[in-house]
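Pulled from TrEMBL:
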- 187: active site, proton acceptor (ACT_SITE)
- 3, 4, 5, 6, 7, 8, 78, 136, 251: NAD(+) binding site (BINDING)
- 6, 7, 27, 44, 101, 136, 251, 275, 277: NADPH binding site (BINDING)
- 101, 251, 252: substrate binding site (BINDING)
- 101, 132, 134, 187, 240, 250, 251, 252: sn-glycerol 3-phosphate binding site (BINDING)
- 1-155: domain 'Glycerol-3-phosphate dehydrogenase NAD-dependent N-terminal' (DOMAIN)
- 176-316: domain 'Glycerol-3-phosphate dehydrogenase NAD-dependent C-terminal' (DOMAIN)
Ligand SMILES: NC(=O)c1ccc[n+]([C@@H]2O[C@H](COP(=O)([O-])OP(=O)(O)OC[C@H]3O[C@@H](n4cnc5c(N)ncnc54)[C@H](O)[C@@H]3O)[C@@H](O)[C@H]2O)c1
Ligand SMILES: O=P(O)(O)OC[C@H](O)CO
């Protein structure tokens, strides 16, 4: 497992139920020591006990060189640098499984596009993408969840699906990498919008409208990028949007709620250890939509509140003043 934040720790703990030993690569020595000696992650999900067969290692080159299946769970904006550091050490038969959700701002690229750019063609082709409604704490506690896993290489996908398949963690396979990735990345931006809507106390009807139109935006950009329409109705699309945009457990929803309640992004991010991917992805998605000529008014509104210091109420008024139109859902 490459990345020892909440989600890397949760997925590593899950896989411990199927493998004799799972290695967790940690940037932070403090995490490695606490996992190896106390079976806890001192900095993330620290209240939860971890399996005894989870072993932490801080040497990225060693972990990359000695494992065939590498699950990538570093926040999106750091993925390029971590892949760069791993690249010379990777085995020729390595299978990367991406479990992060976001779009990189630096080059406006999805994680699949970063892998395509940086890895040998066959290795990038067999990379898998796991995404869907799943909170780390709930997964560590063994509560039921279901997610999607996507891969372009049909020969690799069944084995990776089986690796991540448990009675309480059901994994559904698809070949739609673009759809799964974009659903997971963009739902975080719409979750920020939903939090803003609730922070402004606009009510449940407004939030339902926002989520429905938000999903239409996600599907519109996703289809323009080559994703399949039906994927956006699935676990990595509507499923994850429902979870993230309606739960106070979500970091993205919480950022939005605090913005809607009057705090600034600077105040919210000061001292925050955990990542809310939607903040950076809002920037990347706004630019991507412009590049592709895709209309995304809700993403534009989140961008204006986050990056143009626009007043949230005024931005919502502008959204509500848009012209009359037919209902198109993708
Ligand atoms: N937490 C969840 O419930 C959950 C569920 C599904 C998907 N995800 C996704 O998983 C990914 C990881 O999120 P998380 O919740 O594990 O993160 P987190 O907020 O719990 O932890 C932050 C992580 O960032 C790492 N980090 C900080 N600076 C870094 C740097 N310069 N280089 C490399 N790594 C650095 C830290 O070591 C840590 O592993 C995100 O894309 C997130 O959207 C999270
Ligand atoms: O806490 P969030 O907002 O990062 O969401 C976590 C997961 O992506 C939910 O599926």
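Just so it is clear, glycine is given a Cβ too, placed from its N, Cα and C backbone atoms.
Nobody curates TrEMBL annotations by hand; they come from automatic prediction.
Sequence features annotated in TrEMBL and their locations in the structure.
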| residue | record | DSSP class |
| --- | --- | --- |
| 5 | NAD(+) binding site | coil |
| 78 | NAD(+) binding site | helix |
| 101 | NADPH binding site | coil |
| 132 | sn-glycerol 3-phosphate binding site | coil |
| 187 | active site, proton acceptor | helix |
| 240 | sn-glycerol 3-phosphate binding site | helix |
| 250 | sn-glycerol 3-phosphate binding site | coil |
*Where ligand 2 binds, which of the recorded positions 3, 5, 78, 187, 250, 251 are close by, with Cβ under 6 Å?*
250, 251
*Could you check which of these binding-site residues, 101, 132, 134, 240, 277, sit within 10 Å of residue 251 (NAD(+) binding site), going Cα to Cα?*
277
*Run through the Cβ atoms and count how many others sit within 10 Å of the one on residue 132 (sn-glycerol 3-phosphate binding site).*
24
*asked:* Sequence gap of 6 or more, Cβ distance under 8 Å: name the residues on the same chain that satisfy this around residue 3 (NAD(+) binding site), in order along the sequence.
replied: 25, 72, 73, 74, 75, 82, 100
*What is the total of other Cβ atoms whose distance to the Cβ of residue 251 (NAD(+) binding site) is within 10 Å?*
21
*Out of 5, 78, 187, 240, 250, give those recorded positions positioned within 10 angstroms of residue 101 (NADPH binding site), comparing C-alpha atoms, in sequence order.*
187
*Find the one among the binding-site residues 132, 134, 252 whose C-alpha lies closest to that of residue 7 (NAD(+) binding site).*
134
*Looking at the binding-site residues 7, 78, which sits with the largest number of other Cβ atoms within 10 Å of its Cβ?*
7
_Listed binding-site residues (6, 134, 250, 252), ranked by Cβ neighbours within 10 Å, top entry_ = 252
*Taking the recorded positions 3, 134, 187, 250, 251, which residues show a Cβ-atom distance to ligand 1 below 6 Å?*
3, 134
*Averaged over the whole of the domain 'Glycerol-3-phosphate dehydrogenase NAD-dependent N-terminal' (1-155), what is the pLDDT?*
98
